[in-house]
Amino acid sequence: MSAPSRITAALRSDAVGGSLLIGAAVIALIWANSPLSHSYEALRSFTFGPSALHLNLSVETWAADGLLAVFFFIVGNELKQELVHGELRDPRRAALPIAAALGGVAVPALVFLAFTLGSGGEAAGGWGIPMATGIAFAVAVLAVVGRHLPTPLRTFLLTLATVDDMSAVLVIAVACTSGINFTALALAAVGLAVFGYLQNGSGRAVARVRAMVPAWLLFVPLAAVVWALMHACGVHATIAGVVMGLLMRTRPQGAERVSPSHRAEEVLRPFSAGIALPLFALMSAGVSLAGAGGFVTSAITWNVLAGLLVGKVVGIFGGTWPTSRLTSAHLNPLLGWADIAGIAVLGGIGFTVSLPIAELSSTSQAHLTDAKGAILLASTTAALLAALLLGRRSRHHQRLARQAAQQATT
């Protein structure tokens with residue numbers, strides 16, 4: 001096997017991709033707080049792109065809205081496969097991560113507001129900061145520490161974090177964004193409808209188009225247009241990635257040997273793991289702590305910490321357990337409630353959506369600095385605690401697998 005093939009194969013491993021993501025985040029944090037921080041800010045704020053299309057964006061924005069959309073496409077695509085062929089095909093199992101996501105959105109916001117009332121209402125506008133889960137970082141931590149965890153737990157996390165993030169983005173778009181371009185939003189919806197029809201349509205016309213035009217030439221430009229329209233409408237452009245992933249066809253047709261869904265994942269996963277996610281982490285995780293002198297005494301610091309570290313755990317676990325007891329929904333037999341507790345702690349990782357929400361809601365630079373510092377501290381704490389819990393559960397599942405293997409050979 002050639003060196004490029006070995007690298008590509010390695011990048012299809014979640015553990016390798018997760019390690020690259022975490023490593024890039026550490027480099028960004030050190031760089032942003034080093035004597036060379038000015039070079040980091042200069043790189044992150046450098047703008048490029050076609051101004052005529054209103055896409056003359058900073059490197060940071062291209063990474064957060066553009067490259068991250070590729071990762072969200074892969075997540076949506078993987079969820080589509082699970083909905084059609086796998087774990088989420090059973091509504092009783094799909095209901096639990098969705099209930100966890102709804103609890104993981106609502107409870108952190110309520111906890112934030114409760115702490116805000118206790119501090120006299122200061123920084124109440126930041127209630128949306130703890131609502132979202134940093135899915136890229138959460139999946140990375142799970143991949144690195146949970147190599148022996150059951151596969152359904154990863155599906156649970158993907159479903160939870162995707163619904164969580166999309167719910168948070170939509171809530172913030174309605175509550176905190178006044179400049180939504182509904183024309184661009186409508187055109188994006190039309191583009192998504194065309195994308196879905198070309199993927200899943202069964203008529204002669206669409207079959208002829210798919211036969212005559214190479215898939216990459218048909219869908220890549222269309223996806224770029226949909227992404228640009230979603231970006232122009234003022235809603236987080238990564239939503240376009242998730243929706244297009246969910247619209248992918250998961251069954252081959254005609255002479256196809258593999259479905260478009262599996263073919264797209266085969267091509268894009270190494271790019272996402274090796275380029276998109278590390279660059280996103282490098283451009284997004286560099287939170288400067290300069291000027292955070294009042295960090296410890298700031299109300300928003302404790303509000304964010306409480307929302308992410310307490311609200312997420314209570315919301316995710318509190319959304320899952322009652323649902324399983326009061327309805328026909330149930331966990332996969334391979335999972336235990338200790339696994340879900342680890343995922344609930346992992347949900348306290350912010351970053352992906354929390355940082356943009358902090359920028360939208362902060363009323364001063366001091367508030368923004370404190371909010372970013374709190375997101376960083378909460379995310380690091382959640383990642384370390386989840387690593388301990390899930391690492392222990394991974395060893396537990398490894399022992400169970402060994403015992404089962406020994407029993408099978410005797």
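Using the three backbone atoms N, Cα and C, a Cβ is placed for every residue, glycine included.
Pulled from Swiss-Prot:
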TRANSMEM  16-36  transmembrane segment
TRANSMEM  55-75  transmembrane segment
TRANSMEM  95-115  transmembrane segment
TRANSMEM  125-145  transmembrane segment
TRANSMEM  156-176  transmembrane segment
TRANSMEM  178-198  transmembrane segment
TRANSMEM  215-235  transmembrane segment
TRANSMEM  275-295  transmembrane segment
TRANSMEM  299-319  transmembrane segment
TRANSMEM  340-360  transmembrane segment
TRANSMEM  371-391  transmembrane segment
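The stretch in 55-75, 95-115, 125-145, 156-176, 299-319 that contributes the largest number of Cβ pairs under 8 Å to the transmembrane segment (16-36) is 125-145. Taking Cβ pairs closer than 8 Å, the transmembrane segment (156-176) reaches residues 72, 75-76, 78-79, 82, 87-88, 94, 96-98, 100-102, 104-105, 125, 128, 131-133, 135, 138-139, 142, 234-236, 238-239, 242, 316, 332, 335, 340, 343, 346-347, 352-353, 357, 360-361 in its own chain, all 6 or more past its ends. For the transmembrane segment (299-319), the residues of the chain that approach it from at least six positions outside its boundaries are 99-112, 115-116, 119-120, 122-123, 126, 129-131, 133, 160, 340-341, 343-345, 347-350, 354, 367, 370-371, 373-375, 377-379, 381-382, judged by C-beta separation under 8 angstroms. Residues of the same chain lying 6 or more positions beyond the ends of the transmembrane segment (55-75) and with a Cβ under 8 Å from any Cβ of it are 43-49, 135-136, 158, 162, 223, 227-228, 231, 236-242, 244-245, 264-265, 268-269, 271-272, 275-277, 279-280, 282-284, 352, 356.
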